[in-house]
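Peer 1: Pulled the feature table from Swiss-Prot, pasting it below:
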{"type": "DOMAIN", "residues": "66-259", "note": "domain 'ABC transmembrane type-1'"}
{"type": "TRANSMEM", "residues": "8-28", "note": "transmembrane segment"}
{"type": "TRANSMEM", "residues": "70-90", "note": "transmembrane segment"}
{"type": "TRANSMEM", "residues": "102-122", "note": "transmembrane segment"}
{"type": "TRANSMEM", "residues": "137-157", "note": "transmembrane segment"}
{"type": "TRANSMEM", "residues": "182-202", "note": "transmembrane segment"}
{"type": "TRANSMEM", "residues": "239-259", "note": "transmembrane segment"}
Amino acid sequence: MGARRATYWAVLDTLVVGYALLPVLWIFSLSLKPTSTVKDGKLIPSTVTFDNYRGIFRGDLFSSALINSIGIGLITTVIAVVLGAMAAYAVARLEFPGKRLLIGAALLITMFPSISLVTPLFNIERAIGLFDTWPGLILPYITFALPLAIYTLSAFFREIPWDLEKAAKMDGATPGQAFRKVIVPLAAPGLVTAAILVFIFAWNDLLLALSLTATKAAITAPVAIANFTGSSQFEEPTGSIAAGAIVITIPIIVFVLIFQRRIVAGLTSGAVKG
């Protein structure tokens, strides 16, 4: 019975992984095909070419967009995780007036669909000079990413024994020192998980980046891919779009592979009570 169940789950896992990987493999295949064979319907290219990859880097638009995506994503991640860690610590450890209000406000932010806020954000940023700038994207990204960071980290902070923090305070540490030198190192898996999730959110966003930017000064990689055009009005830039999609997927895959164990530890924190 045990062997049959193991075989069943192995087959099911294989099917799920195959289902998830098939679109990625198809996009990768498209990125290696010349324009003449893009629509041949074959997964394995009959002719392999790297012209699509060379083409997207031929101009400076995609390179600038990649730099913008990396910079905006990293700054958003650092600020959101730092603020989220402090807020999550307060939610998990402290009792203070307005605690429920803070949690409710975080929930309220997640309830709003981003598209309903595009027009107000556009008008506000045009009025104060933040349109088509890094801060013009970083600020709304932080706003939408903070609830995610708070919920991820608060669950992890609740699992850290109180005794460790009390022992640090008995040794003369201030609450701030106990947080920085005891709680934060122990919460490293949760911090890494929150950082990865926030970075993925900022890296993959298209709606806000498309609405709040206009030039290569601030457009991100997803926007650059959406703006790809063929060499003529009769040519579809399918291969270029596929190549760009593969390029912007690589950093996420690398991050997840490097921090896989910490991500799993962070996401499963609080699932089992010891």
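In case you wondered, yes, glycine gets a Cβ from its N, Cα and C as well.
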Peer 1: Which stretch from 8-28, 102-122, 137-157, 239-259 shares the most C-beta pairs under 8 Å with the transmembrane segment (70-90)?
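Peer 2: It is 137-157, which has the most Cβ pairs under 8 Å.
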Peer 1: Within the same chain, where does the transmembrane segment (8-28) have neighbours whose Cβ lies under 8 angstroms from its own Cβ atoms, ignoring anything closer than 6 residues to its ends? I mean 6 or more beyond.
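Peer 2: Residues 43, 242, 245-246, 249.
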